[in-house]
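Since the structure comes first, as structure tokens, the remarks are kept for the end.
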Amino acid sequence: MSRFYPPVASLTQQQPVPTEPLSSKSSLGVQHHLDVVRKKLSTRKGWLGDYDYAWLCSPTLPCSIGGKRPARRQPPFYGVGDELPLVLAMASGLQHALAMLAGLITPPIVFASSLALDAQTSAYMISASLIGILSLVQMSRIKLWKRYYLGTGLLSVVGTSFATLSTANSIFNAMYANGTCPSVTGVDGTVTRGACPDAYGMVLGTSLICSLLEIGLSFIPPRTLQRIFPPMVTGTVIVMIGASLLGSSGIPNWGGGSNGCQTRPTSGPLALCPTVSSKHALPWGSPEFIGLGFLSFSSIIITELIGSPFLKNASIIVGLAVGCIVVGAVGYIDGSTITSAPNITFLWVHTFKIGVYPPAILPVLAVYVSTMMEAIGDITASAEVSRLEVTGADFDSRIQWGVLSDSLGGFISALFTVTPLSIFAQNNGVIALTRCANRAAGRWCCAFLILFGVLGKVSGFFLAIPNPVLGGVTTFLFASVVVSGLRVLSYVNYTRRDRFILAAAMSFGVGDLLMPDVFTYLFEAVKNPNSGLQGLFESITIVLSTPFLAAGVVAVILNLILPQEALQGEEDENEGVEKVEEDVEASNKECKR
């Protein structure tokens, strides 16, 4: 395959590509840049340009008088290196920040809930996840030496990978099961987890050393990587990531919580959700919880129906906002997390004991392979929606050094107390809708995210959001991940070989979703294994118990060992050639007679 995604009809056919290469301004002097800044700050064009801001903020009506919608001139397209007015840069940057906000806060909230961490630690984890410094590196395309770069040079923003979230949950479950983390089992069999911040530190340390794998893979030619990980493999992995998060976090939180109260124990602190001591605690699945989640979910749909382009890109935040307004009015929000959160915070205000958990090494290595596959697909989509070529040496360079930046980001993020990162795909939709692919908007996006992260009360507010409201929003968010995987799978030709590989991979993936404990007792009969062998058993169990890892491993292996089949068009062409050759041979025999 020559590229990660096959060509599709897109907006790239509607606008010419930017005529100015990315590196054309690198040789200009400091005086030139000062003149540009002065012109921007002192002229109306520098502030506003000729963008149609009314279009950006006008609501969309489902229908109009006479059944026709008035035709409107779309705003101009701003390429990667074009001159961008300040107001548009800030507005578009805010849109990008709002579009990825829910995706950024969800992983630390789930991590903190899984490990029963206190409010101060949880709030810090949210703040650290929001501080988007590493996105600036991914967008910059820094020249290192010769033909080596760092970053894509596109409007590519990064955040905590959902692949990490799914795998870390399996790792945490294993740590509680083997006694690495404390837990208490009640008389009715209910397991109550104790706080285990060291488990998060072990995931960070394991991620730090495992990032070396993706760093090494980034130096493999992109076309080789695309042959090893075709859409059939990556699509399966993405579908399983979204589906597993729906079942383990999205829907359980919609019903009231995912911390164990979803089993509806008859006694103990988890008899009610989120706990019996919580404000307005109710049994899991109560109508009040379901209604609050549906309110947030339906708000997202209504925003897509009538919202302006600006609001459509921030529909997830609209769903959170509407839900929070209602639960605040009826007294469901516990403000203690907001009160206890600091006014100002930053990285390393709270630290974790970094360690390595050997059974997690193999699963985390698979996570980095997954984030690399995500990066290849998202960089391709970013280049396409930015009106840039998606073939050739320049595109391959963006892929290769974008993956390098992604892997280095995984290494550095562990030092920043954040789990491995990946490029966010939803921001490509913001580019397509606003017609602004300029990196200046991406820098403003980073500025807003850093601001949100530094303001400690913001993370405290997100932590105070009730589980049903968060569940209604994240259910939609995780379902969007599933749809992204289905879109990638739509590029598969579905030969008999492809159908066989997908069936084998889905057997493990979907099987894990429906029966999560099926591989838990696989090595229970092994008596007195040594520590190394026990670690290997736990590592294999984690891989087999994580839907996207199990499905991905099967898909990769079968894709490498099963022989390729000719496509139907190629078969018809071969049959045609053979028929022509037979006719020629018959004609020659006739002539000899």
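Sequential numbering from 1, following the chain as shown.
Glycine is no exception: its Cβ is also placed from the backbone N, Cα and C atoms.
Record note: among 148-168, 421-441, 148-168 is the stretch given as transmembrane segment by TrEMBL. Below 8 A, the CB atoms of the transmembrane segment (199-220) and the transmembrane segment (469-489) form no more than two pairs separated by six or more positions in the chain, fewer than 3 in all. With a threshold of 8 Å between CB atoms, the same-chain residues lying at least 6 positions outside the transmembrane segment (469-489) that come near it are 5, 102-103, 106, 109, 162, 231-232, 234-243, 245-246, 249-255, 292-297, 300, 316, 319-320, 323-324, 327, 377, 425-426, 502. Among the listed stretches 148-168, 314-333, 501-522, the one sharing the most Cβ pairs under 8 Å with the transmembrane segment (345-369) is 148-168. Between the transmembrane segment (148-168) and the transmembrane segment (501-522) there are fewer than 3 Cβ pairs closer than 8 Å, counting only residues 6 or more apart in sequence, so the two stretches are not in contact.
For the transmembrane segment (232-251), the partner stretch with the highest count of Cβ pairs under 8 angstroms, out of 314-333, 501-522, 542-562, is 542-562.
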